[in-house]
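Below: one structure, written as structure tokens.
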Amino acid sequence: MSTVPVTDATFDTEVRKSDVPVVVDFWAEWCGPCRQIGPALEELSKEYAGKVKIVKVNVDENPESPAMLGVRGIPALFLFKNGQVVSNKVGAAPKAALATWIASAL
């Protein structure tokens, strides 16, 4: 499974009502650090397939979801479990650090 694009319209269905924990990556095309972590998140989405869903929200095209969560900088990662935020992280990080962060929140 690869990362799933999510919009403001699909946020509740894909994230808050998900049966599995969800990592939400708030990003933008122009954001260098966002592009840096993209490949790592793609790999992690395959490694965690069936256990964790990783979704991407483009903040330029979908401003409501990041505003609702108070996102001020990107990349901003939020981990949802049972529809609630259990952890968040701002800024780029290597794949190993992202994997540790995801695992610690499960």
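Cβ from N, Cα, C; glycine included.
Remember, predicted model here, so these are calculated numbers, not experimental data.
Going by Swiss-Prot, these are the annotated features:
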{"type": "DOMAIN", "residues": "2-106", "note": "domain 'Thioredoxin'"}
{"type": "DISULFID", "residues": "Cys31-Cys34", "note": "disulfide bond"}
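Across the domain 'Thioredoxin' (2-106), DSSP assigns 38 helix, 27 strand, 40 coil. Cys31 (disulfide bond): 19 other CB atoms within 10 A of its CB, across all protein chains. Using a 10 Å radius centred on the Cβ of Cys34 (disulfide bond) and all shown protein chains, the other Cβ atoms total 21.
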